[in-house]
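Feature annotations, courtesy of TrEMBL:
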type     : residues : note
DOMAIN   : 10-88    : domain 'Nas2 N-terminal'
REGION   : 92-111   : region 'Disordered'
COMPBIAS : 95-111   : compositional bias 'Low complexity'
COMPBIAS : 117-139  : compositional bias 'Low complexity'
REGION   : 117-152  : region 'Disordered'
């Protein structure tokens, strides 16, 4: 079963990468200086089409971003279902054989792929490892010098996560900055929780800030963590080397 599921997961992840690339390209065009983004009106005060923007192209880009975002959500759901199937098959094999596939010892867990289950498992391991220890400040973090997490949380205000990190590539800029599986993203540069179009805006911000340090704010085990990130080209995919999954509205704090 693994032999058939894994190639399908990789193919779907490739399709998702292509969608994210096109979303980032169109959002970069929509949010360029002087452009109206996704929300600004395309008519002037007298109701005539604006002359300072290409109204046709803006409408085309907006519609395409909406369609691509919907396709992205559908693909992510399909990937998650397949990964759950893969994990279930791995658990069944472990129960039957007393060991994980590929000779891994029982209890080691299936291969970590792009899935909430992997994120939850990694988060549990991180929490267990941190038990009984003083919480360490992540590399690049600025959670308030000499301040506890509660004070840092008060300074940051009410944080509303809109996405969760469900993949971090080894050796990537994201890993170097201290991003961890299960981190919930609340703010990325100037992007924060809004009407559901945050991930396209994050993709656009990545393109605009290539090779420039920006700040991101996460919730990790309920506590705020601020990280300094530098999107850049590296040996792997993307500018950060991590993947975000949108959080459902019911999961967002304060909404």
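Every residue gets a Cβ built from N, Cα and C, even glycine.
Caution: TrEMBL annotation is automatic and unverified by curators.
This prediction places the mean pLDDT of the domain 'Nas2 N-terminal' (10-88) at 88. Residue counts for the domain 'Nas2 N-terminal' (10-88) under DSSP (helix as H, G, I; strand as E, B; rest coil) come to 55 helix, 2 strand, 22 coil.
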